[in-house]
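Everything on this sheet refers to the single structure shown next.
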Amino acid sequence: TLCISVSSISNSGVDDKASLRGQSVNNSSRSMVMTSVCLVNSKTELNTHQTNMTTTYSSAKICPYKKENCDLNTEGLELDPGMQKVISESRDYEELLYIWKAWRDVSGAKMRDNYKAYVELSNLAAKENACPDCSILWLAKEPPNKFHQNMNKLWEEVKPLYLELHTYVKRKLRTVYGDLLGDDDLIPAHVLGNMWAQSWENIYDIVKPFPDASLVDVTSALQEQGFTAKKMFETSDEFYQSLGLPENSMSYDESVAMISKPEDGRVVVCHASAWDFCDRKDFRIKMCTNINMEDFITIHHEMGHIQYYIQYKDQPYALRAGANPGFHEAVGDTIALSVSTPEHLQKINLLKDYEDSYNSTINALMLTALQK
């Protein structure tokens, strides 16, 4: 069966003396097996549920806080930039809670039936090929029998720092929200400055250790220097070329790529992403760019994906993929760490009057911790 094929391919593998080519074929074989598993009779139904969820996610709107009976067509807030702007900038506890809950009521709650069916069909595809559930197929692209072990090891390494950061952040947030935070060890997700609480950099103004020290924030500089979405992309492209990598202007060519939110009424998913059109020449970024430091860094991350696509574009189709599902993200995040340093931002004239001191270094490290 196909599931047995996944197991045998993963476990037979190659020994330490095998060639790199052999390992590449091994990885691609696992990928092809996983792809073929998805070709089941219910694929059309599966795609329908996925499309319905994407449409719900991208079109969901809510009324502004304290204006719950608004006209959604003319006054409704979309996820980006409307709701995300409120979540990142507001310091009103009740407004943040309203935005957090209202969006989930009109998005996640409405996806429930589609998502349930999607999970059932995905697991059916796995079971028809002798796998317990779809998670086994996802793990097929990871090093055999190492995924959980690696995740546990990484978590134990970062856990002491994370717990200290968590405790420090809650103490700082309490100076703003007081007893509204509760008396347990938890932080309410809606006060962390991000719709998914996955990045806390938007509460940096609250938690920065040394308020009077120099700050690593180039949002004002980007706006004052007249940066547009295209100029932000061009600056990122220049950075990659300075490393000896190829130019990739095709990825943000506004005649084919979407780098700003459409103003013609089209409903789009604004979440930043990079796309390989598999013809060895067409690679594009899709993003609703805002002129701020967060999106400036995100552009560099997405362009990291594009550079990776370009590097393996001449490989056979089966080998045009990352070493594993997380490797693409690692490339983008490595670059993002490089371009967010004070040294680089000074070099490209976005950070001025920065005083390099112990206090400012700690502030910069805190910002990095909040981002990750």
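Yeah, the Cβs are placed from backbone N, Cα and C, and that goes for glycine too.
Under the heading disulfide bond, TrEMBL lists Cys63-Cys70, Cys270-Cys288. Per TrEMBL, N-linked glycosylation site is recorded for Asn73. TrEMBL lists His301, His305, Glu329 with the feature Zn(2+) 1 binding site. Annotated Zn(2+) 2 binding site per TrEMBL: His301, His305, Glu329, in sequence order. TrEMBL lists Glu302 with the feature active site, proton acceptor 2.
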Among Cys63, Cys70 [disulfide-bonded residues], residue with fewest other Cβ within 10 Å: Cys70
Beyond the site residues His301, His305, Glu329: chain residues whose C-beta lies within 8 Å of the centroid, for Zn(2+) 1: Ala274, Glu302, Gly304, His328, Val331, Gly332, Asp333, Ala336
Lowest local Cβ density (other Cβ within 10 Å) among recorded positions: Glu302, Glu329: Glu329
Nearest of the recorded positions (Cys270, His301, His305) to Cys70 (disulfide bond) - Cα to Cα: Cys270
Entry from the binding-site residues list His301, His305 having the most other CB atoms no farther than 10 A: His305
Cys288 (disulfide bond) to Glu302 (active site, proton acceptor 2) - Cα separation in whole Å: 13
Number of other Cβ atoms within 10 Å of the Cβ of Cys288 (disulfide bond) across all protein chains: 21
Top Cα neighbour of His301 (Zn(2+) 1 binding site) in the set of recorded positions Cys63, Asn73, Cys270: Cys270
Sparsest-packed among the recorded positions, when each Cβ's other Cβ atoms within 10 Å are tallied, from Asn73, Cys270: Asn73
Nearest recorded site to Glu329 (Zn(2+) 1 binding site) by CA-CA distance, among recorded positions Cys63, Asn73, Cys270: Cys270
Cα-nearest neighbour of Asn73 (N-linked glycosylation site) within the listed recorded positions, Cys63, Cys270, Glu302: Cys63
